[in-house]
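Lifted from TrEMBL, the feature list:
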| type | residues | note |
| --- | --- | --- |
| BINDING | Arg11, 31-37, Gln141, 784-789 | ATP binding site |
| BINDING | Cys457, Cys460 | Zn(2+) binding site |
| COILED | 539-709 | coiled coil |
| DOMAIN | 410-509 | domain 'Zinc-hook' |
| REGION | 319-339 | region 'Disordered' |
Amino acid sequence: MLKHLKVENIRSYQDLEIHFKEGVTVISGVNGSGKSSLLEACFTGLFGSKTLQKDFTIADIVRKGATKASTVLEFEQKGNIYSMEQFFRNDPESGRASNTRSVLKVNGQIFTDQAKRTYDSILSLLRMDEEAFRNCVYIRQGEIDVLINAKSTDRQKMIDDLLQIGKLEDYRERAGNARIGVGRHQRDAERRIKEVKSEAVEIEGRDPVGNLNRLLTEAAQIKEKHVSVSEIRDKTRSGIEERRSKLGEYEQLAIQKQSIGAQILGFNSKNTELFEIIKNSTSSIRSLLLHVNELKQSVSSIKGQMGWNGDVEQMLAHAEEQERGQRDKLNESRQKKALHEQNIENASRTLQQLSDQIKDINQSIESNVKKKDETTIQIEKLESSLKDRQTEKLSLAGEIEALGFTAKKLSGLEDIAELVQTQQKSLHGDKMKLFTRREEILKQIEKSKDLMSKGKCPTCGQELHGSTMHETIQSDEEHLSSLAKDLAAISKKEEDFVLKMEQIKQVKAVSKKIEDCDNHINSFNERIYLLQKIREDHVSRMEEDAKRLNEAISRRQEMEDTIVQLKDKEQLLQEVLVFETKKHAEAIEKLNIAKKAQQNLIESEAKGKDIENLEERIRSDQEKIGLLQQQIKDSKQRLSEIDEKMGGIDAQSLQDNLQKYEIALKNIEVEIKKLEEQRAELMKQIGMTEKEIERLSHLQNQLRSLQHRSDFLGAVYRDAEELESMYIRIRAELRSRNVGALDALINEIFAFMYSNNAYSHVQLDPEYNLTIYGKDGTPLEPKLLSGGERAIFNLVLRCAIYRLLSMAIGGPAKGSSLPPLIMDEPTVFLDRGHVQQLIKLIDLMRDFGVGQIIIVSHDESLIDSADHLFYVEKDPITNTSSITAR
Ligand SMILES: Nc1ncnc2c1ncn2[C@@H]1O[C@H](COP(=O)(O)OP(=O)(O)OP(=O)(O)O)[C@@H](O)[C@H]1O
Ligand SMILES: [Zn+2]
């Protein structure tokens, strides 16, 4: 029984909570308000995404725009409260959604939260999957005639499943599969037995045991033969060894003999060589003695030449000393001369410097004279300009006096101009006043004249007396002429002032010129003063230069005298130097001769030493010759000993014997090899035969066990066959029982529900084909019925199935034993009368144990007969459904 549904963001619901109760619940509301969505939420709440069909996805169930959704459906079964919670996540942008979590709780405790497990648990709890749920519990909108329209095999499967007969078919299938599997194994075993048997027979046909015995005897014989031949081979080998060692000894002696002979040859050639060397040395000594004599004579002749009686060394030392003294003298006179030359050079340089200096001073004097003259010319020019300006100034002062100003009065010129201007302004004001006054009087006169012509006052109409009016005009005219005089006087004054201003302007211009002249005069005076200073400077420099020039000239004279003296002395020094050079050359000559004598002496001593060495060499070579002759004698002695030994060995016959032995050994070895090959071949054959025997016994073992297996599999096969047929039998039995019962129930309920009078009865045959019979006995297939009739039959069929279920469970009374019945718009095709019958049918179903019936409908009479009523509405603006209990 459904207890409670809580929904968040499913289809048109944002959040919804509804408590279901026992009895008949009707859910009503206008089209599109969210009634079906409520039932679908229950369905999806139970089975999750398995309830989606065709092109419906999870994203379609989740409310548009929502990112997550959930359903919690609580139901009761056999006293336990179960709660199925499904959670969904949705990405509105990508349109991807998924069922992220399914939790099943039992009495508030989490039983499992793993999707596959919750689904399996629901299946085993309800004993139906989503398919069976749709066929039995939940009549979806528009699926009212699903059951009767189904193919008979589908119907059969469905009803079998509901009544749990389907299980038997599963078991039968399992037993059948087992039987087929076992059969396959048994056939395999038989085939193996056949193969093993044929192989064993083949091996036995080759008599492997007899073969093995024969091969073993043969092998023993060959082994014996091998031993005896090996002995002969060993003897032959030692014979060969013996002869080879004798021959080796002989060869060794021959080699020794050869090497001694070679040694003796070597000794002899060395001997000859030594004799030759001695000869050469003797002739060298002779020529050396001749040379020594010559050298000694040369030395004594040099001594005579030098007049020296003593030692040669002392003679050399004396010559060296003489040369050194002479050289010192020469150097001294050279230095003196160099110093003197230096002095002359210095003096000439000084002389040159003085000449340069005189030239410079002369130039300086010349340039100063020139500059002085230039300056004088400039001064003269400036003085003449100055005179011009002064005369100009004088004439300008005259001009000013002519204009009536003195040069002293000029400083107040500005004040005077200002005064004149103010007076001019005030005069102008007076003139303007006089003008207005004249205008007024003129107007007055005109007015008076006008009145006079009219004769009376325009305001009061009084007669005018000509005399007063005349008087007035006359006095006004007098006034006018005096005004004209005043005006003429003012104009005269104004003219005077204009003249005066003109004069002042002229004076100003002239005085500006005078100022310019003064400025020029001042600047000329300044420049003349400066130039005079410069000219003085030039003159004083010229005086200085003249003084310096005199000094330099007297010093140059002095220097020229000094140089003449120095040159005289230089001549003298040159003569001394020539003399000393000659004397030094003589000393060097003598020294060289002395050196030559010394060299000759050293050379003759060295030659004496060479002679001694050569004599020593000759003595040692003679000794070596003696030694060599002794060695030659010894070697000859050893040669004769070896000849004696070699005479005792017959090499030729030894060689012949050795050859014979070697040929024999080769033959023996060939024979041994052959024997070994034969033995190896035999061993191989023995091995193969043993393997064959082994294989045979293995095959016999295998055969025994295969036989056992085949027997066992045969027994299992027969058992499975038996089991399979048993399941078929039981199912057929149960089904025929169900079909009978269902047929009876369908007819019973059909009679109860159907109120027209067209059909007599319904028939359900063992293949679950439904046939409807007319009153006249004509059979009709269900698909030929009208829409309404099909709806009625469907309800009848479902009702019958519920009945049968309730009987299977244990009869009526227990309200909670049967699942609820949920119908979406069942009355669509029904006429009024049949809606009434549906109401009765619902009562009937309640009677036999359907505890909860939930119907979506807007049929008035159904609403009236409801135990509980809900009304669903959808806010058209927010597209959100809500539910209210009535
Ligand atoms: N994923 C969704 N998100 C938002 N709204 C949805 C979604 N799917 C469907 N709807 C809306 O849910 C509304 C309710 O549909 P439902 O089928 O429940 O109506 P109903 O009350 O059964 O109407 P009828 O009487 O016509 O069968 C629809 O009008 C539709 O606009
Ligand atoms: Zn008047």
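For all residues, glycine too, the Cβ spot is worked out from N, Cα and C.
TrEMBL entries are annotated by machine, without manual review.
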Once the DSSP letters are reduced so that anything not helix or strand counts as coil, what is Glu789 (ATP binding site)?
helix
If you count, for each of the binding-site residues Cys460, Leu785, the other Cβ atoms lying within 10 Å of its Cβ, which residue has the minimum?
Cys460
Write out how many residues of the region 'Disordered' (319-339) are helix, how many strand and how many coil, based on DSSP.
21 helix, 0 strand, 0 coil
How many Å separate the Cα atoms of Gly32 (ATP binding site) and Cys460 (Zn(2+) binding site)?
110
Please list the DSSP helix, strand and coil residue counts for the domain 'Zinc-hook' (410-509).
89 helix, 2 strand, 9 coil
Considering Cα atoms only, can you say which of Arg11, Ser36, Leu785, Gly787 is the nearest neighbour of Cys460 (Zn(2+) binding site) among these binding-site residues?
Arg11
Apart from its near flanks, which chain residues at least 6 from the ends of the region 'Disordered' (319-339) lie with a Cβ under 8 angstroms of it?
570, 573-574, 576-577, 580-581, 583-584, 586-588, 590-591, 593-595
Tell me the coarse DSSP state (helix, strand, coil) of Arg11 (ATP binding site).
coil
Within 10 angstroms of the C-beta of Glu789 (ATP binding site), what count of other C-beta atoms is obtained when all protein chains are considered?
21
By a simple count, how many Cβ atoms lie within 10 Å of the Cβ of Arg11 (ATP binding site), its own Cβ left out?
21
Quick one: of the binding-site residues Arg11, Gly32, Gly34, Gln141, Leu785, Glu789, flag those whose CB is under 6 Å from ligand 2, and say none if nothing qualifies.
none
List those of the binding-site residues Arg11, Gly32, Cys460, Leu785, Gly787, Glu789 whose Cβ lies under 6 Å from any atom of ligand 1, in sequence order, or write none if there are none.
Arg11, Gly32
Largest tally of Cβ atoms lying within 10 Å of a Cβ, found at which of the binding-site residues Ser36, Gln141:
Ser36
Find, among the binding-site residues listed as Gly32, Gly34, Gly787, the one whose Cβ has the highest number of other Cβ atoms within 10 Å in the structure shown.
Gly34
